Amino acid sequence: MPNHDYRELAAVFAGGALGALARAALSALAIPDPARWPWPTFTVNVVGAFLVGYFTTRLLERLPLSSYRRPLLGTGLCGGLTTFSTMQVETISMIEHGHWGLAAAYSVVSITLGLLAVHLATVLVRRVRIRR
């Protein structure tokens, strides 16, 4: 059995708890309606994509190695904040209620803006000069 670093698991847990709490707080602001754009899920997914792009690039290319930053911020915080599965459930609900155009737009825009957010964050991190 592999030897686990429980401090790394604790970092994932702590980051995941913060991300999930942020997502739950934002989701509580809107009542789900398959006839409307699901702004809470859309927002956390695009913001989370930007953050994971930022954290991944910054941690891998700009900061000294740390065994806890990436599990805390990437896997934990961003993993707890974002929710691809909820996006899928919302899309199916739109389809089941006959909102095919909204479902297609939501899927395409969510994935496209998520990819653009990761790319933008990566570009921004790489443009910032390291101060010494």
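Yeah, the Cβs are placed from backbone N, Cα and C, and that goes for glycine too.
Summarising the annotation, Swiss-Prot assigns Na(+) binding site to Gly79, Thr82. Its own atom aside, the Cβ of Gly79 (Na(+) binding site) has 18 Cβ atoms within 10 angstroms in the protein chains shown.
Swiss-Prot lists 11-31 (among others) with the feature transmembrane segment. Long-range contacts of the transmembrane segment (11-31) within the same chain: residues 38-41, 43-44, 48, 68, 71-83, each at least 6 residues beyond the stretch ends and with a Cβ under 8 Å from a Cβ of the stretch.
Long-range contacts of the transmembrane segment (37-57) within the same chain, counting only residues at least 6 positions beyond its ends with a Cβ under 8 Å from a Cβ of the stretch, are 19, 22-23, 26-27, 29-30, 69-70, 73-74, 77-78, 81-84, 86-87, 90, 102, 106, 109-110, 113-115, 117-122, 124-126. Under the heading transmembrane segment, Swiss-Prot lists 37-57 (among others), citing sequence analysis as support.
Per Swiss-Prot, the feature transmembrane segment maps to 70-92 (among others).
Sequence-distant contacts of the transmembrane segment (105-125), counting only residues of its own chain at least 6 positions beyond either end whose CB sits under 8 Å from a CB of the stretch, comprise 37-38, 42, 45-47, 49-54, 56-58, 61-62, 87, 90-91, 94. Feature annotation from Swiss-Prot assigns transmembrane segment to 105-125 (among others).
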Inset, instruction - Tally every other Cβ atom lying within 10 Å of the Cβ atom of Thr82 (Na(+) binding site). - result: 22
